[in-house]
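Participant: OK, TrEMBL features for this one:
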- 84-109: transmembrane segment (TRANSMEM)
- 148-419: domain 'Protein kinase' (DOMAIN)
- Lys175: ATP binding site (BINDING)
Amino acid sequence: MGSTGMDLMFQSICGHSNNSLTGLVPDFLSQLQYLTVLNLERNQLNGSIPTELLERSKNGSLLLSVGENSNLCGSGLCNKKKNIVIPIVASTGGFFILSLTVAAILWVLRRRKQQHKAQEDTKPNIQNPSLESIQRQFTYSDVQRITNNFERAIGKGGFGTVYHGCIDDTQVAVKILSPTSFQGYHQFEAEVKLLLRVHHKNLTSLIGYCYEGTQMGLIYEYMANGDLETHLSDNNVKILCWKDRLQIALDTTQGLEYLHHGCKPPIVHRDVKPTNILLNENFQAKLADFGLSKILPTDGTTHVSTVVAGSPGYLDPEYSISNWLTEKSDVYSFGIVLLRIITNRPVIDRSHEMSHISHWVSFMLSKGDIENIVDPRLYGDYNINSILKAIEIAMVCVSPTSIKRPTMDQVVSELKECLTIELSQRKGGYEEESKDSIEMINMNLSTDLNALVR
């Protein structure tokens, strides 16, 4: 409560006129800095008025009313006889009433402060300042200058258009919100607030934002090699080798691991897919597009969404049916991304009986046909044991029931081992160990894979 509210409270409660108060005027009243009105008229007070109260009355900081108190002196010099005649118990009574009043006020104020602090403690420890309080806000004219009046578009989506830009000598990407996208505004606000609070080497960095009337934009670090989807495309001339693909997968899981286990409360991305995995000039992967992200409850329970959000094919089937959102929904989506990295097949292929990628891989595994699962553009340039382990990781991640999926920190650990295998022993062909691995994968696959949404 601010000083104005406290002044009003004291003005109201310290109006004790005509209350039959007896005794001395307590000295401590002069120490109440917020006290501006003190009305003690028509009582039975005695003794002298504290000097400090008189001084405050003279300088105008206190409106003091003490009329019709026949035994009250206006100075510190009072008749000692009168003071002796008044019983001590009466003096104590007046002091007690005023003391009790002030004590009640202080208790109320302290109680409110404690309640306010308790409410603050229950909030997520990820801060939530308003957009206006952030110092990285750019004007629309700044954005026009940064993008050279939106000269070069480098991407387009449901949110809006992404433009190349420069701030001094630093390249940036500027995503401008489409004015026709109502849903986009809420995603814009969510992304700004989240990216200004979370920081990790495998999450895109937000340099600033623009929020000026209907003009809204996000300014990111520039990712020179675009998104993963582009590099998995058959139209891309440069083919990612298996080692680089594994590193990109590991980078992605490390970003997700930070959101799930490094943030309190945990954050679920909800839209993990190749187009949201960006690559810098060194092909380091960074997770992007946090417009659909959700902060989970602090008590470890699931979050029930009124609207299921995500991308077709990558959406957790359990979440889409129950609306119960957990970190395991991101695990499922990453599993589909990993299958894309391994196979380079579309997530949903209507031309094939096994239309969903997880159905198709499961079918190929049942035949023991590992070679035709892997992207043919790799031309066998990979360690077969590394491939087998990656397939096993992916298939466990896409289990139809979340309880059977690993946590993201477990996925990170397994992928590190997978990458170590690839780096330490790059061989082609099949070995006895490879055959054992194929059998292990088939044994570990859940029999209810057929329940996956086509």
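Just so it is clear, glycine is given a Cβ too, placed from its N, Cα and C backbone atoms.
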Participant: Could you tally the C-beta atoms, other than its own, that fall within 10 angstroms of the C-beta of Lys175 (ATP binding site)?
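Facilitator: A count of 25.
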Participant: According to DSSP, folded down to helix, strand and coil, what is the residue listed as 'ATP binding site'?
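Facilitator: Reduced to three states, the DSSP call for the residue listed as 'ATP binding site' is strand.
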Participant: Looking only at the domain 'Protein kinase' (148-419), report the model's average pLDDT.
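Facilitator: Summarising the domain 'Protein kinase' (148-419) by its mean pLDDT gives 88.
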